[in-house]
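According to TrEMBL, the Mn(2+) binding site annotation covers Cys145, His147, Glu181, His208, His418. Here TrEMBL flags 229-319 as domain 'Peptidase M20 dimerisation'. For 1-29, the entry in TrEMBL reads signal peptide.
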Amino acid sequence: MSPSFLSRLARTSLCGVLALAPLAAPASAAPINDKFKSTVASFVSEHIDDWVAVYKDFHTHPELGLQETRSAGIIAAELRTLGFEVTEGIGQTGVVGILRNGKGPLVMVRADMDALPLQEKTGLDYASTVQTDWRGENTYVMHACGHDAHMAIFLATAQTLVDMKKDWKGTLMFVAQPAEEGGGGASKMMADDIFGKFGVPDYGFALHVGPSAYDTVQIVKGQMNSFAGGFDIVFNGIGGHGSRPSTTIDPVMMASKFVVDLQSVVSREKPEQEFGVISVGAIQAGSAGNIIPDTARVRGTVRWYKPAVGEKLLAGVKRTAEAIVAMAGAPDAEISVRSGGTAVFNDPDLSEKTLAAMSKVLPADKVYFAAPTTGSEDYGEFLKAFSNSVYFRVGVYDPALFDETGAPLDVLKVPGNHSPFFAPVPAPTIETGVTAMTTAVVNVMAK
Ligand SMILES: [Zn+2]
Ligand SMILES: [Zn+2]
């Protein structure tokens, strides 16, 4: 994308904002101006060292999903110190902080708290060496998805907003969510009736950090990521000696065929112009080279943008498994195919409005509309209750590592989320995140 294209986008979006009808609680004046920009910039530079220390502390002490008691405790204490009414234990380890500041909209800001079960290899002096129990096994733990940065930015944003209280009105709902990485944390908070207890937000904002330049913010207008489903299939065979396969029904053969044939569902059945992916991430069978085992287990993930594509892919997974069982003359398989995670949709008007505001505070050519990603994110569970929300992305690496289109010059130098080498540059990442999030919030709450 050329710089001129970026600035054209920014201009277009600004025009879009001027034409927008007011939403739930309209700002009475243009809130995001040079004064706001300089106030935020000086507050951020005054406090960035503290926030980096908070980030490094979270990074050194990662916790897996639904085990985030230390992180939740720090967040609850910090929010209380800032004057929020804090409720803990929403969705098991989740935290909700409410701050009332006059009549105005209810605005949710959400961060996730959980880390991942892998061993950190960054070599940083604040790297994690934590190990814990995970599903009955010991594992290393690392903040490899950047949720430590999300928590630091979340607390820094709360502090900045409290300092700027005279510039906005309404109620803040700061939500620290557990177990985003597959543990159903958002669903658990919804099951605990978060919005029944604290109100349905008029606006919602969340962010995710990732492997792009740390001075950039990307917003996707509309659907920003994929729906997620998965499968867990146990092929049942008849075990026996590896030298006499005719006396067995070999589940390893069935699993192998299944893994290969699945890809013809993607290449032959999915509409060519639509996005859809099926990936097998785990195969387990057998214990020795000369034993044909009696079971083989295959687990995988399915991602799509359009619901009809998801239905087709999931049906294809099930049909392929059943056909392989029939082909082998095997006993019935245990077939579990599920459609789980919902996609995140950004409200198009609020996306325009938020991008225009951020473009006044951050370099305009560094804040731009981007294409959807193929990942998933359970923030979408919250959007079953309201839709006026924007979830944006913030980069974490030195801009010198990217070309003018934002593409990495060497992909090996910019490890992505879930890599054991994922290593955001703390200060500039947090600066961009706090500035962008504070701008997004004040933009809809200005006096
Ligand atoms: Zn992740
Ligand atoms: Zn994540």
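Backbone N, Cα and C atoms are what each Cβ position is placed from, and that goes for glycine too.
Unlike curated records, TrEMBL annotations are generated automatically.
The DSSP breakdown of the domain 'Peptidase M20 dimerisation' (229-319) into helical (H, G, I), extended (E, B) and coil residues amounts to 35 helix, 34 strand, 22 coil. Note: the Mn(2+) site is recorded as Cys145, His147, Glu181, His208, His418; in the same chain, Asp112, Asp114, Leu116, His143, Ala144, Gly146, Glu180, Asn417 also have Cβ atoms within 8 Å of that site's Cβ centroid.
Taking the Cβ of Glu181 (Mn(2+) binding site) as reference, residues of its chain lying under 8 Å away and at least six apart in sequence are, in sequence order, Gly65, Asp114, Ala115, Leu116, Cys145. Around His208 (Mn(2+) binding site), the C-beta neighbours below 8 angstroms that are at least 6 residues distant in the chain are Gly146, His150, Glu377, Tyr391, Phe392, Arg393, Val394.
Classification of His147 (Mn(2+) binding site) by DSSP places it within a helix. Within the same chain, the residues at least 6 positions away from His147 (Mn(2+) binding site) whose Cβ sits under 8 Å from its Cβ are Ala111, Asp112, Met113, Asp114, Ala115, Glu180, listed in sequence order.
Across the residues of the domain 'Peptidase M20 dimerisation' (229-319), the predicted structure has a mean pLDDT of 97. In this structure, the binding-site residues that sit close to ligand 1, with a C-beta under 6 angstroms from any of its atoms, are Cys145, Glu181, chosen from Cys145, His147, Glu181, His208. Candidate binding-site residues: Cys145, His418. Fewest other C-beta atoms within 10 angstroms, His418.
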